[in-house]
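As recorded in TrEMBL:
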- A:LYS7, A:TYR8, A:GLY9, A:GLY10, A:THR173, A:ASP174, A:TYR179, A:ARG184, A:LYS209, A:VAL210: ATP binding site (BINDING)
- A:THR47, A:GLU74: substrate binding site (BINDING)
- A:264-347: domain 'ACT' (DOMAIN)
Number of protein chains: 2
Amino acid sequence: MSLIVQKYGGTSVGNPERILNVAKRVIATQEAGHDVVVVVSAMSGVTDGLIKLARQCSSNPTEREMDVLLATGEQTTIALTAMAINGLGKKAVSLTGAQAGIITDGVHTKAKIANITPKQIHAHLKNGNIVIVAGFQGETTDGRITTLGRGGSDLTAIAIAAAIKADICQIYTDVDGVYTCDPRVVPTARKIDEISYEEMLEMASSGSKVMQSRSVEFAKKFGVIFEVRSSFNNNPGTIVKEETKNMENVVVRGVSIEKNQAKVTIRQVPDRPGTAAKIFSALAGANLSVDMIVQSDSVGDTNDISFTLNKDDLTKTKKSMESVMKEIGAKEMTTEEGIAKLSIVGIGMRSHSGVAAKLFEAMAAGGINIQMISTSEIKTAVIIDETKINEAAVLAHDAFGLSGKV
Amino acid sequence: MSLIVQKYGGTSVGNPERILNVAKRVIATQEAGHDVVVVVSAMSGVTDGLIKLARQCSSNPTEREMDVLLATGEQTTIALTAMAINGLGKKAVSLTGAQAGIITDGVHTKAKIANITPKQIHAHLKNGNIVIVAGFQGETTDGRITTLGRGGSDLTAIAIAAAIKADICQIYTDVDGVYTCDPRVVPTARKIDEISYEEMLEMASSGSKVMQSRSVEFAKKFGVIFEVRSSFNNNPGTIVKEETKNMENVVVRGVSIEKNQAKVTIRQVPDRPGTAAKIFSALAGANLSVDMIVQSDSVGDTNDISFTLNKDDLTKTKKSMESVMKEIGAKEMTTEEGIAKLSIVGIGMRSHSGVAAKLFEAMAAGGINIQMISTSEIKTAVIIDETKINEAAVLAHDAFGLSGKV
């Protein structure tokens, strides 16, 4: 008998019929002899509806109250899911985040989990219940309702799995698992059976939308083994866990692509300590998330600093750079849209040489110009023309033999 | 400076525009120099929508989970109301029933308030906040969410007013107050300025739909003065409070009517101790609410027992009587629909004689036959043909001089 945490996202519980399907799936897990804790999101569309209501009541809703409002979304789903299971003849009880003992800090709308006291979860499991917990929410030590921000329900599931020492945490979603590349871009992409936390993190931060980085980081930190799988079929998904010796044999685990990127270059930045710090502090202060950073070798006593970020942040970035450029004495700023990022990820890179070269060759073979390069221990990323990104993904995927069977 | 509790029902907070109106009204109260606690219901339609969702997930939803589900309705409104007030530049915080310290027993879907610990309410008031509390809900000492059943938000408001020793509790609704009779039936009906708890209770239990009896009883028990008034205008409403000497000068405060009644007569019930008890225990056991009871004087060694109840309960009643009739040896059961109840209510009746006679004369003058009579210290009620009820209401209203000015 195992202790299993299952998490179902908004699409999986999007209407009563789907909630009943989830109920059956959960019951089947229990009948297979396991203890089950289920974490659910708000039904798809509900959160957006609540945000719309909020904006009709205030142009700038208070974050404290936004949390009180949004928390009702998951509370609705836990009640409906527990009812559905009860209606099918099995014992189930619902718990809000607060009732489940999820204590967070006080940063409304993007709170961090401080600790979990799963007393109620254990008590209800002991009485033979399936326990349904509201994802995405918690409470502060002084009793305020908080929410965890984007991807919060995944985080709830992983954190509960850690707190109750579950054998596995299953993240049910609308895709079959993590793929070697987006199958809509690379038709020969395959589902990955096993992937290390590190690789999953690099995939997430380079555009694979399956899970938010912080949930993966939390799982890594507490050694929670989790599986990303579909709630619409019974196919096994992708297991994410600590790397094994075996995993290193695969040089590249997957290819991620990220569109809608923009490049900003600050030209002729005086080459003295502290100038780069001023640029990136200003960006951080404006809450702008920079991805790749490249500083050219200095020419005379200046150099050029380039960075990429999401295209939508470009206007805000230009504005925040104006005063900084004056302050540091930089000459010019150029920006470029219509670029995209391609990343190859794999822990095998650590022990295999020539990986970057192979990627560059593949791009060259397709006549694709590389504008920027960035590498980490287990990732190599390039910035290219956005119109070439799909073609580039196929080339990279083939070059590293990711198509076909394992 | 007073401490005021205001309660707004589902219609008053039915959409964002109305919530903004409530926000303005609340702010105006605070700006007049008062501390304000606001109790709100779910937006109209929301509770019905949730019940529909529940039925789609289970044909017989668990009551524990029904409470978790329904509590989201009021939680949504408190957040939106607090946001609206914040958006208008004033400090406001929302509290769920549990956060407001409302402790109930564990009878899900119709819990009773056990006690209130208004620590948070006091703390937020002290910090200059308008405090918005979710009506209709509380929690058990072991942390389960409960709801208070029909009229629960009124009860929350009255109970909080008692707990924080508010100067007045204003119940905002879609009518201007308590009327001498339903104005749709008696066009000359007037709004009553002041009414005693006792009279309000008799009016409520005899068909006036303004408030549930248990809220009035709670107010009476704890001496909470409350006012029923409209959220759509600024007219003063009806003050409900302990009776004063002055109130006794009015013999009849108002006329209530209740349609959709049915009469059941059990004939030739053996005249021995315990037979009536058997009949009414069976009805209570089937959760059937009986209104008027009349036992005829015995003829030989049997008598007839008649009672009235809501027409919708008739089928269930017939069924529950079958075995009882055999057990007690009664001969026959007859039922009659198409009857209605008219009640006149007033504490002045205690000190004025001839009130019942005056009512019977008024009915007789209109050629209206009285089928049953029931009296209490401050009420006289008659059962008549349902088709005559509106005409009877006008006659009674005129006979006791309720039309025109006070």
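Just so you know, glycine gets a Cβ as well, placed from its N, Cα and C.
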Here the Cα-Cα span from A:LYS209 (ATP binding site) to A:GLU74 (substrate binding site), rounded to a whole number of angstrom, reaches 22
Between the C-alpha atoms of A:GLY9 (ATP binding site) and A:GLU74 (substrate binding site), the distance in angstrom, to the nearest integer, is 10
Among A:LYS7, A:TYR8, A:GLY9, A:GLY10, A:THR173, A:ASP174, A:TYR179, A:ARG184, A:LYS209, A:VAL210, which the record lists as binding ATP, the farthest-apart pair of C-alpha atoms sits at a distance in angstrom of 25
Quick note, A:THR47 (substrate binding site) and A:THR173 (ATP binding site): C-alpha atoms separated, nearest Å, by 17
Nearest by Cα to A:GLU74 (substrate binding site), of the binding-site residues A:LYS7, A:THR173, A:TYR179, is A:LYS7
Note: in the chain of A:LYS7 (ATP binding site), residues six or more apart in sequence with C-beta under 8 angstroms of its C-beta are A:VAL38, A:VAL39, A:VAL40, A:SER41, A:GLY135, A:SER153, A:ASP154, A:THR156, A:ALA157, A:CYS169, A:GLN170, A:ILE171, A:TYR172
Candidates A:GLY9, A:THR47, A:GLU74, A:TYR179, A:LYS209 (binding-site residues); min other-Cβ count within 10 Å returns A:LYS209
Mapped onto three states, the DSSP assignment of A:TYR179 (ATP binding site) reads strand
CB contacts under 8 angstroms to A:THR173 (ATP binding site), restricted to the same chain and 6+ apart in sequence, sorted by sequence, are A:GLY9, A:THR11, A:SER12, A:VAL210, A:VAL228, A:ARG229, A:SER230, A:SER231
Per DSSP, the domain 'ACT' (A:264-347) contains 30 helix, 37 strand, 17 coil
According to DSSP, A:THR47 (substrate binding site) sits in helix
